[in-house]
């Protein structure tokens, strides 16, 4: 009861802390207030789902409703066209007491230009005192759609046919570059948009007034109207300019107050957000409005400003989600100490907040069906990343802050009266060096066990010079050793040991299996067989261990990378009777093996698959982390990669073959803990596959960004957790757990991390291929393999090298382009850099593996083992 209360208190405390952080981040901005009426805004009645192609006519009722909304907030509106029903704006504006600057859209379509001009002149001749000025064209010279001479001709024509002031709108630099145009207009209509010039928000208002003064100094006798000035509330960063609600509110309030003090005429761009502009101006084009596209104000012009107005709703959602996450895990972990509860709870709250923060970003933006699908995919990928993060966080909490261990097994010393059951030890070999196998056989001959037979199963070795010496050694060692040579035998290793099972002595009760390179300790069987005295024990597992780590730096890296699993993962899984069975240093109850149906020849990880079936049948396992035998590690990077690929591919086969057992239903033959640890154990491999998908996506997005930076946006927020966050946590977790459980130095744990990272792409390939293909043959891990040349080694990691080169190229282009010289650009470079680390690790590990760090002339071999051959 006390434990439950402590857990509840911890949960509530963490939720309160989480909510407080949301509140702090969304602390209202205290900005200079604007309490007066805004002089003017640009006006377009397009609705959220309208486009220029689909919107053929503007409903006067919509225009009237918009102008009614603006009537008490602004003095005037500015339009850009007089077609598609926009000719009604001056009449409706007058109804609401609004002045109007009427504009005609001028472009490359001369026929349409003529329609605009004629309609503009017709409107300007009406008896409407609210029409204060006329605009012929908008950024025509900037778009380079007609020449300066053509524009001047249009302006001269309109001036002749109307008495109202006439001009056009261009950017400040175009006005400075076209003094002849200035001579033709009655006033200068200038656009001041510091965002599009990459000016930082803090400097933007000063920049506008500096440009205004420069223009005034160049043309002192010409009136100047700022016909567009503003800042977007969302969208992609542009150089040093960042689009956000906070920056828009800050810019507008500061500009409006300063413009009023200096008596400058202006039109804020714009009244309402225009999502259709994204196709022309990129994502920022949609967000220049004071109101959003639903005609709701984004923020008040007086008082505090919230960058995420609905932050409380999102914070509550994150809190509820974090409660669910913590409830799923914490109440089932009775042995966690308080620091463990706090640690996992903090991670759960952080993960929930990141998910809801990401969703909140998408919810504030205007989406299309394509972008909605993109966001859903990214959120689902984030959810998978969060699941992996939580599982690995729980592993840290359980290992570092566990109260006690309930299932710790140590070597047994049975009483003198103990009757040792007969053990049939199966030694499968295929194309193995006979000298190496001889060492294994001699070690087996020294095993101190009274009731043992050894069956050596040579499986499909073609060269008699390889298998016949092994046969001769078995004959020399006596009747305890029996040798079988199998030609054209199906089923690979599983097929061979299934045949061994058929040849096993009828009175044998225990089946033991080791690999061909393992040299056993004499006391292995005596120390571990007694655990079978418990009738429910189905198999007993000892760790894989290796005797050649001192031969090279590469092997040292590999050794400690293997050691992490057997000292951390297997020990923790053993607490919940959920270990992974391995095909060496394992013992199985013969009757249990026969009951569940022998070894699976369809799976290239027949050992792990058998262990799962034994659990499904209700048997228990025993894992003792004491080492009783040492084998050989792969000699080359190729062998290391091949071995890991087989493990991963086989695990995916197991998932496909046993997926029903992992479902949280009463029909599942596994315990909830077994289901959890099998899924949790494989999820990091899915994480590597996810990382590959994110890397490919990043490269595609970067290519799109580089090709069309204006219309592309960096999805940094969606990538931070699955890339930088997950990668950083993975490294911290590895080093933390190694220091807690593995007897190695910090440098050795770093070497283990490097070699583990080097396999990221291999694991990703194994995961994806294992899920979507079938029938990969068993892949033997070669022993005494000669090191290849550098070129051969580079070919081994050619896919990793290709991705490394592509990522490096993407980073270089992102770094050199001024468009991305901002926080988002730098974060994206960080994302690409983190994604390149595993591929760089593969290259470094390869170079380490081919370095001449072992005895000259004994490349790829255990030198001391050959000294007496």
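The backbone N, Cα and C atoms fix where each Cβ goes, and this holds for glycine too.
TrEMBL: automatically predicted annotations, no manual curation.
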Response to the item:
Candidate ranges 269-291, 338-360, 407-429, 430-452; TrEMBL annotation transmembrane segment resolves to 338-360
Worksheet item: Under TrEMBL, which of the candidate ranges 372-391, 472-491, 492-511 is annotated transmembrane segment?
Response: 372-391
Worksheet, complete the sentence: Expected hit for transmembrane segment in TrEMBL across 676-707, 740-771 is 676-707
Item to complete: Sort out for me which stretch, of 311-331, 338-360, 372-391, 676-707, 719-738, has the most Cβ pairs below 8 angstroms to the transmembrane segment (789-815).
Response: 676-707
Worksheet entry | Close approaches to the transmembrane segment (372-391) from elsewhere in its chain (Cβ under 8 angstroms; 6 or more beyond its ends) | 325, 329, 344, 347-348, 351-352, 354-355, 358-359, 362, 680, 683-684, 686-687, 690, 693-694, 715, 718-719, 721-722, 725-726, 729
Worksheet entry | Chain residues in Cβ proximity to the transmembrane segment (827-848) (below 8 Å; excluding those fewer than six residues from its ends, i.e. six or more beyond) | 552-554, 557, 637, 691, 694-695, 698, 702, 714, 716, 719-720, 723-724, 727-728, 754-755, 757-761, 793-794, 796-797, 800-801, 803-804, 807-808, 810-811, 814-815, 820
Worksheet item: Other than its close neighbours in sequence, what residues sit by the transmembrane segment (338-360), given a CB gap under 8 Å and a spacing of at least six beyond its ends?
Response: 6-7, 10-11, 14-15, 17-18, 21-22, 308, 310-311, 314-315, 317-319, 321-322, 325-326, 329-330, 378-379, 382-383, 386, 389-390, 393-394, 396-398, 400-402, 717-718, 720-721, 725
Discussion item. Do any residues, 6 or more residues outside the transmembrane segment (719-738), come within under 8 Å Cβ-to-Cβ of it, and if so which ones?
Written reply: 351, 354, 358, 378, 381-382, 385-386, 388-389, 392-393, 395-396, 399-400, 560, 564, 568, 687, 690-691, 694, 698, 744, 746, 749-750, 752-753, 756, 827-828, 830-831, 834-835, 837
